[in-house]
Amino acid sequence: MTDADIRKAFLEELTQVAPDIEPDDVGDDDHLQDDLELDSMDFLNLVTALHQRLGVDIPESEYPKIATLALAVVYLKGRIS
Amino acid sequence: MAVFAMPSLGADMEAGTLVEWMINPGDTVARGDVVAVVETQKGAIEIECFEEGIVETLNAEIGDTLAVGAPLATIRAPGEKVAPTAEPKPDVPPPTAPAPVPTAPAPTVVPQAGETPLASPAARVLAAERGIDLAALTGTGPGGAVLLADVESAPFEKAPVKSSAKPGLDMAAMRTAIANAMARSKREIPHYYLSQTIDLQAATDWLAATNATRTPDTRLLMGALFVKATALAASQVPQMNGHYNGEGFHPAKSVHAGVAVALRGGGLVAPALHDAETLPLNTLMTQMRDLVARARSGRLRSSEMTDGTITVSAMGDTGADAMAAVIYPPQVAIVGFGAPVTRPWIIGDTIAQRMTVTVTLSADHRVSDGRRGAKFLAALDAALQTPEAL
């Protein structure tokens, strides 16, 4: 998967979990919880969706590594390959 | 014969708009069946039936805005004979509000008989939405009444744009509902507040160890532990669990824990998790996930809106240290959990670094006093010290 593929997948799952967020409004460095106001339930739903879609099981201790879109793309790419 | 009426779905609800029937005349219904969907200030709510029997008539049409208590349907009890004559008209006077302007939350205007043209309620609603003058249409219904199809086929200017961010959730209306309920609470309920900072390290460690062995779909959240611990404490201190109405306090037999869910855009709902004190933690978590998802999409059930006996409101992972919340009438207590934070903690004669949470109980002084409240917080604290038993 390319960076663009991962980015697209992440944004699709994010906007599925939080339908009121527009993909275009998500900045690379927006913090999912502090800026986009995902709560712990939303975040868990996102982690669950990424597991189902990409096969990447993100342990709780590594949640900070997907705290922003930019961080998540780097982290998920490393885990997929 | 039972009249199934528009239920009150909260202290602040005056009317609801019927958006969907899930039943037809002749259908058999049982208690708890979802029979209709009603749009309220808190979003679209699935209305559950309180009767069992056979649906005799539907007395409201899609698009009707009906006051609480207005008849929606009649349901014939099992074994009851079909009424030989037409059902007597339900003993509810038709609303005669004269306001013809279709503002969003106003009850539907059923015009006084006389000068206004005959038209079905659904036709009126659509005509109001599209700005069509009913008198200018030729009705094809009985007596020349204008039907929905007549309005649908009539030319109209561009439909007014709705302000609602997404279907089912109008944040401005929800804000009004919250304002009314909270103002009533502060007007009528003499609140008292007790806070206790609780050692959360055991629960934090247990949760981390448990979740490390689970895939994301079965992981637990600290919020689920908070709800379960609150429910267990409420079952031990009945003065925190129930409803207060005109006749005084009615303790509840079970704990239906309201879970406060903040909605982006400024909304807040607290649907109930039924029998929370009896649910195994995994089941509670699954139900909470479902409840939050439906709260966000605006599709809660009527019993979830009205059955709550105590409410839990949690700040989440980050935020303020403590939260003194406002009781949701007719309940008598609400428990606010601040964001968990690592603090220096004295154990024996040493200082240790521990995860902690400050829990604040807001309770109704008409029903309980500080001594009872302290007992409740002690029970909650104790429950969180043995997370494996939750």
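Cβ coordinates are placed from backbone N, Cα and C, and glycine is handled just like the others.
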Under TrEMBL, the annotation region 'Disordered' belongs to which of these stretches: B:80-101, B:234-255, B:300-321?
B:80-101
In the domain 'Lipoyl-binding' (B:1-76), how many residues does DSSP put in helix, strand and coil?
0 helix, 41 strand, 35 coil
Which whole number is the mean pLDDT over the domain 'Peripheral subunit-binding (PSBD)' (B:118-155)?
73
